[in-house]
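Annotation source Swiss-Prot lists active site, schiff-base intermediate with substrate at 25. Sequence annotations record features per position, and here Swiss-Prot assigns pyruvic acid (Ser) to 25 based on sequence analysis. Under the heading substrate binding site, Swiss-Prot lists 57, 73, 74, 75. Feature annotation from Swiss-Prot assigns active site, proton donor to 58; the stated evidence is sequence analysis.
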């Protein structure tokens, strides 16, 4: 049996831009993408901590160390610049692998730089 599991997440980054006229996606600083093991064009789920919106899109890389978090296209309507968001990425794995898997969690500072990288621990 294949299970959909949290692969990684970028926790509490700040939206720096919202570009309604762009063709879809979220632009994420490449340094954050690397830290969270998120690939270009990978599907992500985004939760806006400020307004409760939850939606999906795909990732395009921003310039490394640019601190950019930009929602593009229709997703730009779901956020405001300055909102805090959580970006989550999922993967499929078999049940045996899932039992021992620990997702990557990238904690961000207020300026979207990396504060800490860790793994979820089981309770």
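Using the three backbone atoms N, Cα and C, a Cβ is placed for every residue, glycine included.
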Residues within 8 Å of the 57, 73, 74, 75 Cβ centre (excluding the substrate site residues themselves): 24, 25, 26, 55, 71, 72, 76, 77, 78
Spatial neighbours of the residue listed as 'active site, proton donor' among the recorded positions 25, 73, 74 [C-alpha, 10 Å]: 25
Among 74, 75, which are binding-site residues, the residue with the most C-beta atoms within 10 angstroms of its C-beta: 75
Sequence-distant neighbours of residue 73 (substrate binding site) in its chain (C-beta under 8 A, six or more apart): 19, 20, 21, 22, 23, 24, 25, 57
Among 57, 73, 74, 75, the record's substrate binders - longest CA distance, Å: 10
